[in-house]
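Down below is the structure, laid out as structure tokens.
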Amino acid sequence: MDRNEGGDFPINTPNNINSSGGSYNNSMNNSSNNIGRDIGNNQSSRNLKPKPSQSNLKWIARDLKKKSVRKDSERKLKSSGVLKKKNTVMDFGEDDGGSGDDGNITEGLPISEGMDDLPSSSNSRGGSGNDEQKKQFPKEMNSPSSEYGTTSGGQRFDTLVDPDISLAEMEEKMRQHKVYQEQQQQQQQQQQQQKQKDKELSSQKKKPSSMQLSKKKHVAKEDSETLETIIGEEKKEVVFEVKPYFSHAILQATMAVFLIWNIFYFAYRAGWTMNRTDYITFSYSILFIIVEFISFLGSALHLNNFTNPCTFVLVVTLEQILAKRRKKHPTVMMYVCTYKEPPSIVSRTFRTAISMDYPSENLWIGLLDDSVNYRESRGWAHLQSVEKNFLYVLLQKAVYSVHNIRPPVTSQHEDPHGILNETSSKIESSTKEVIEAEVQWFIEYFLLNSWFGVGQEIPRDADDAERALIAKLRDDNFSPYRTFTKSESEKISNFTIDSLQSLWHGSAFFRPLIRSILLKKDYVRNFVSELNNQHRLRFLNTEALAMAQYQVLMMGRQELPWDEISSGNVRIDFDTCDGPIVSPKCTYLRRRKPPIPHNKAGNINNALFNESTKADYEFLGLLDADQQPHPDFLKRVLPYFYSDEGQDLAFVQTPQFFSNIYPVDDPLGHRNMEFYGPVMEGRSANNACPFVGTNAIFRRQPLYDIGGIMYNSVTEDMYTGMKLQVSGYKSWYHNEVLVVGTAPVDLKETLEQRKRWAQGAVEIFSLTPWGYIRGKLGWRKMLYNLDSCIYPFLSPTAFFYGASPLIMSIWTVPIVVKDPIIFILVGMIPVMVLPRVIQYMILRAKRPYEAGKSGPSLWVEATDLWRAEQTFFGFAGTYISSWREGSASIVKLLKARKISRHKLAMWNWKRDFVKKPVVCEVFRQTKLVNENDNAQESSGKHKAEQSFRTSNKESDTIKNSRLFLPNIILFVVNILAMMSAVLRFNCFQNDMWLLVVVAGFSFSTLWHLWSFIPMALRQSEKQWPYASSYHAHNIVLFLVLGFLVLLFVDVKVCIPRVG
């Protein structure tokens, strides 16, 4: 019987205080009756008063012996910490909240007489006297009165004197219990002292910054409960596992061999060079040693990323975590950033983002349109695509809620061959296609022609207030940088058809608002009804239209809390009305750019600080306009944030994957699998994953704490990731393809992109105090970030290697020695072979497989190793040209700030906040724009508000043709070097091995530049049809055959030796 209910108590319960019918009755009845009477004041139960029996006396001797043996065994187990039970008399110090449900302490004992009404265990838990019992319990157990059973009325049942033991035994047990408590206290004190020492040691190693201290203050909040406080588990919840996929011992041993062998190689080279008497050979050899040493440092710095190759494997899903913690799905804002992408690409990305598998009420999609002028047609197209996609999802959900199109489920005996199920699934898929077609058709018709059936409305005249509001809204100086008040929104919803048409033709940004009003009109439903009567529509009916009601809120501000990133905003919110159908909230945001717009960083910070508050969302996702997320993108990334109790995790990065690029058809190296594979995984294992600008989920608070996306660099993404690491935050990498994008396929756009990346690396390298970064992050993380910034400065080595074959073939200047065996053993193996062996071992290592993945992990192909070397030669000229732009931007910034480079770098990295803008919950009413601003905007002299000019392909080709020249020059130089080496091979027998090395060196350079030259000469907007990199193998074969022919044919073409 349930103890919470009234009724009989079972015999063997702790609430039944038993006594024997013999000599124990007189000593125990008083105490048991007193306790039973005191506790029974608040509760009631049936009395158990069995009649005394003389046979009960026979149990005493046997039961005393049995009970003493049982208690001794339990005492030993309990003192060793193996057994913790509350159903023994030994459990004096257990505190279970005053519960009477402590198990059986009277098993095998006779039933005493004279028992009063006893309380139920369920009602004794919540009594007011429980706290007093907890406080008085230890004292009463040590008091002499407890030994004789003269405890107070608030005493618990398990503190009663056991009638089966004597007074001396009770004293001995009390002494043992006291000793046990003292031992436990001593152990706890020792543990606390050890923890205090560990904290002091860790604080001495790394002192927390002021941002870390302030960050830990708002960690302990009511809404940030940990797993222990909710379900009472002591074991920490495991969300993911870090699994290494390559042996660290083998990897470190191979790197040690690489370093030691290179030291011997450079020592041998230096000794050989110092013994040269030829001035040309000596000078060239010194220069070659310097270039090789720089390459060695770059290789060692790059191999540092591979020291800890691990992959993160999720072991729980987001739903399981939220179910355990009893929490709801967090609110996520997904920002899609666009600048000059075509509206079709932006619309496709927005459609996939709004269709993600996530609760609609917790998902918010925002399109950040950073086009140059708000009057431009591109901005209107972006706004229309936002409305179209929002309405599409809303109508689709409404249709599915009205029509049940799920196929019937048949049992196996009814459909043993699966024919009925297969037919039902086909019917369901065809039905979904019809629904999507009908919804798409209606949206296109409704957006293009929203005035059908106007004659069905009853005409009425507009009043004076309506005309005044129309004139106010049509004022170009007042809209759309303004906020609608509640009264204005109500007036607009009640406008006449003539007023709505007047507003429709006044400004294109008011059309979404007018369409949301028109959709509620009766003639729209009548139009759909007519179509249904004519059998033109099957699923889209008036009931679905009634459920798919949405509202549009026009907001914009001329005065902004943070005016450095915007001088005015246009914001249009699409939200569903109160009803059963909920679609993700959508927002279109456009800013009026200030004189220094800060590009993408300013666009994101405007949305973060000026157009959102802390209560709006907890997590922030960033997507580029051409990156389409997987439906499970959020479900696969958000679990990482729940494994971080201290909220030190700032963001989780996912890889970039391009649908128009394949492993063998990637001549420009867009896949970059080496970086998105072991490099990112190795850094993530040390909590230092870089931010690549897109496909990442941020926690809003860390990004807000550092002042948003960083400025002073065109690669603001890498700068922001470094700033978060310096501020004490962690960043992880989830190697699963969850976002698919498109990459530039022509050489011109690729070179522009790589030049911008290299310029940003130069700016970050110049504005970073590396000593300060090393003190904050340590050597390893500092080298991670240095490797991301130093690669443009290694590009001159590629030019030197490219020009060396021609120099050596003309002047016959040796590299090391003329003996090929020594050159291969001492030079080729440490410099060229060992780094490739290390990379190949790591790149081709087998990754741990994770069940339930939504996308594949990036698998590194064999050609990716060659792509890394290919891009090193192919983009060398582009990287060198970025020095000038990066240095010029730094000099311009220093002149504008009137501060030294070191002071600017220290200020930029030490500050905890760029600026603290205060964002109001309610948007303020804007004022009229100043006449000076209007005149400046109309004149077109404002730099940030110039009209967008489409790119002129001819002018862009002429402007960027200088980026193609280094590749073409290197290609021609190496062709000449190979021809010279082939001809001299038959003339100078003493230099034959040197010429073989020269020919191989020049061939390697030509191989790396092979895919760039046709694209540079053709200037095509499409990808060069470069079928496979393995075509180079055929070229090697023909060259080897040519060498063999020259060896056996008696033809010698001698060229006089220069010098």
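Cβ atoms here come from the backbone N, Cα and C positions, even for glycine.
Feature annotations, courtesy of Swiss-Prot:
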type     : residues  : note
REGION   : 1-159     : region 'Disordered'
COMPBIAS : 40-57     : compositional bias 'Polar residues'
COMPBIAS : 142-154   : compositional bias 'Polar residues'
REGION   : 174-220   : region 'Disordered'
COMPBIAS : 204-219   : compositional bias 'Basic residues'
TRANSMEM : 246-266   : transmembrane segment
TRANSMEM : 280-300   : transmembrane segment
TRANSMEM : 306-323   : transmembrane segment
REGION   : 328-628   : region 'Catalytic subdomain A'
ACT_SITE : ASP370    : active site
ACT_SITE : ASP717    : active site
TRANSMEM : 790-810   : transmembrane segment
TRANSMEM : 813-833   : transmembrane segment
REGION   : 933-953   : region 'Disordered'
TRANSMEM : 963-983   : transmembrane segment
TRANSMEM : 993-1013  : transmembrane segment
TRANSMEM : 1035-1055 : transmembrane segment
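Recorded stretches compared: 246-266, 306-323, 790-810, 963-983, 993-1013; the one with the most Cβ pairs under 8 Å to the transmembrane segment (280-300) is 790-810. When Cβ distances are compared across the two stretches, the transmembrane segment (790-810) makes no contact with the transmembrane segment (246-266), since fewer than 3 pairs at least 6 residues apart fall below 8 angstroms. Annotated pair ASP717 (active site) and ASP370 (active site), C-alpha to C-alpha distance, rounded: 17 Å.
Sequence-distant contacts of the transmembrane segment (306-323), counting only residues of its own chain at least 6 positions beyond either end whose CB sits under 8 Å from a CB of the stretch, comprise 237-246, 248, 251-252, 255, 329, 634-636, 638-640, 642, 678-679, 681-682, 684-686, 732-735, 780, 838-839, 842, 845, 847-848, 850, 852, 857. Neighbour count (other Cβ atoms within 10 Å of the Cβ, all protein chains): 21 for ASP370 (active site). Using a 10 Å radius centred on the Cβ of ASP717 (active site) and all shown protein chains, the other Cβ atoms total 23.
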